[in-house]
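Following: one structure in structure tokens, then a few remarks.
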């Protein structure tokens, strides 16, 4: 009967039958996996797999880029406010009562693998032995002490980072910050060919670690709600969360933005604020805010039809990008979550596992939900609020004298004459944190640096000064040791350079 029906079906019916087959096969596989869950994990696993099933259903229904390029418009003038205008309003006398309505949420699901570290990225040392997490706790503690408030810190962990993070949290038990955690969902990776899960049971240790993944930070809405923490915080009188990536050292609590949210000039509160900042040539791939079907909408490069990618990257047409610093009303998350009305585009992330198997991960991004909220707003903030540390090149900048550290916050040194940071490109010998640290006896003076490129086997002695444009290239088999106290200004160093102590 099936083959007879197929021979009579048109192409769209044919696709529909295939889709139903795939959904059915997926359901069968997920039921088998669920059957292996121990009783104490059953409820949790069931919620995760239900969430995954919904995502998979949408994935099968959506085809091609998810935006119609013809409908993309520039956002209306007033929908993206300049930070200066927000700041010019000043602060009310009762800033403490405003702060007491805030919760700081850090996205802490990522591992430090791209920088050669095992364990959570938030535990990498970034400045004077302080980790990302140390700096975050210091910032919030400073706020709480200064204003006599109770701003809590919430960490969204993933199954990859939860255990290690919880062990570390004990060291903050005497700090003046309440710290809560909840976990992102755990979804099964699927085989790119068969579109079926590669996991055979619920375990995620040993050889099964590669079978599962955390589904992107868009998962925050469902996981936060399901954890019960959202309701608890609303019950405590909290009204807004400030969400950012834990590796963005510029994402500190901004009192002017918070005041704008709590005391809006027109009396109408925003449910969602996205901090955006001006693109430079380095940010052409960043997601941008557009007007789409009368709503503010975040458009990521993956959603753009191929023919329009160059236009999307244009710094003149799309001048800003999303920093992923977001301010969101708790009551709105609850309302939308209960109506199942948070709509985020699916990001299909292809991966190749160690054994060579091609898999896909279905993910969503937290900022993509902006179009589901009422009265959303973009605020164009200074570049200093976007200071992500993704590579050791970024790490060199934040460890250097370009920044000073005060109460957990990094600020650009007043001695730097330019408002922008230098462009730093460290080669593959520096990719891993431990290799990087071994190659610098001390971090060079970079106050007057514009551009640094280092490639090959290069080491730096103590108290080196770099100014202008410096390019250091050790060819294959060569080694360059920059001697202690050297001053390199607008220099190209190549070949072999060994300076030995006599």
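Note that Cβ sites are derived from N, Cα and C of the backbone, with glycine treated the same way.
Feature annotations, courtesy of TrEMBL:
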type: BINDING; residues: 121, 184, 216, 247, 390; note: UTP binding site
type: BINDING; residues: 217; note: substrate binding site
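TrEMBL feature annotations superimposed on the structure.
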residue: 121; record: UTP binding site; contacts (Cβ under 8 Å, 6+ apart): 110, 111, 112, 115, 132, 161, 246, 247
residue: 184; record: UTP binding site; contacts (Cβ under 8 Å, 6+ apart): 109, 156, 157, 158, 159, 214, 215, 217, 219, 220, 223
residue: 216; record: UTP binding site; contacts (Cβ under 8 Å, 6+ apart): 347, 349, 363, 364, 365, 366
residue: 390; record: UTP binding site; contacts (Cβ under 8 Å, 6+ apart): 114, 247
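Maximum C-alpha to C-alpha distance over the listed UTP-binding residues 121, 184, 216, 247, 390 is 21 Å. Taking the Cβ of the residue listed as 'substrate binding site' as centre and 10 Å as the limit, one finds 24 other Cβ atoms among all the protein chains shown.
Of all the Cβ atoms in the protein chains shown, 22 others lie within 10 Å of the Cβ of residue 247 (UTP binding site).
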